[in-house]
């Protein structure tokens, strides 16, 4: 039977208070436990259902047959047997989804509407929308693969917080660099979870055994996804913004007791042990990360609502989202 996180971190809970000598392992009040509480994930599946529901509503509202009654050069609706849930012509949306006009009406991120229309809520709403079935499936599979394990380990409050804050962080960076295109998708929030995983690994370094392998694997996954973001029609600024936000928030929310403190219950009673739950470097990382996250959000939001164009200060930054080649152009 696994103990709760509170039991592990507080040294157990019981109506009888045991005497504990400073620097010594306390006598156990109940049989020893290994590890921490494993949470039952419900938030990640709920986010999955919410994204599918929003996409279904968007397709219902889109109603391609009614708005495309006289097919032009773009062709007919795809999968017309779905009636009003059929997809826009592939020339308009190759991802099998609604029109751009529908996405905008339902809350897609549009720089002009955020800045001049005072619709700041789009920074949040866009992360619940997807451009098409292919976009939705790819993101939801990633959510299950990454999110379930994290929620099992850290609980719904911390993982939910990282997911939402990272999504907004990705939207803020997107608004600073992208003005001529709409943006939708949960990619920023998902990259935030990846960033938080890296922060958790670095912050809780002492409890991992295969440290180099863990860091190498995670960095490889992150690098591959960021490289894919330089393809056209992919908003890599949302990826980068979400990743940086999740990375900083991860140091704050995912800090765990160090190895020596966690292992004290596996030692005989009375053995010498450390009284510090967290190491100095963990507190230092948390303080620096929190300061950077707060400052970054404050400055970023101020720049967005002031209408600042970050491209004017960084002439090469647009290559972070799209690199033109002989096969494609980044003009649009």
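Placement of Cβ uses the backbone N, Cα and C atoms for every residue, glycine included.
Because the structure is a prediction, the values reported are computed rather than measured.
Checking the ranges 283-305, 306-328 against TrEMBL, the transmembrane segment annotation falls on 283-305. Per TrEMBL, the range carrying the annotation transmembrane segment out of 105-126, 127-148 is 127-148.
Taking TrEMBL as the reference, the stretch among 22-41, 42-61, 62-81 described by the feature transmembrane segment is residues 42-61. Below 8 angstroms of C-beta separation, residues 154, 158, 161-162, 165-174, 176-178, 183, 185, 187-200, 202-204, 222, 225-226, 229, 278, 282, 285-286, 288-290, 292-293, 296-297, 320-321 of the same chain, each at least six residues beyond the ends of the transmembrane segment (237-255), sit close to that stretch. If you take every residue in the domain 'Peptidase S54 rhomboid' (118-255) and average the pLDDT, you get 89.
Contact count against the transmembrane segment (184-205) (Cβ pairs under 8 Å) is highest for 127-148, out of 42-61, 127-148, 212-231, 283-305.
The stretch with the most CB contacts under 8 Å to the transmembrane segment (127-148), chosen from 42-61, 212-231, 283-305, is 42-61. Across the range of the domain 'Peptidase S54 rhomboid' (118-255), the DSSP-based residue counts are 107 helix, 1 strand, 30 coil.
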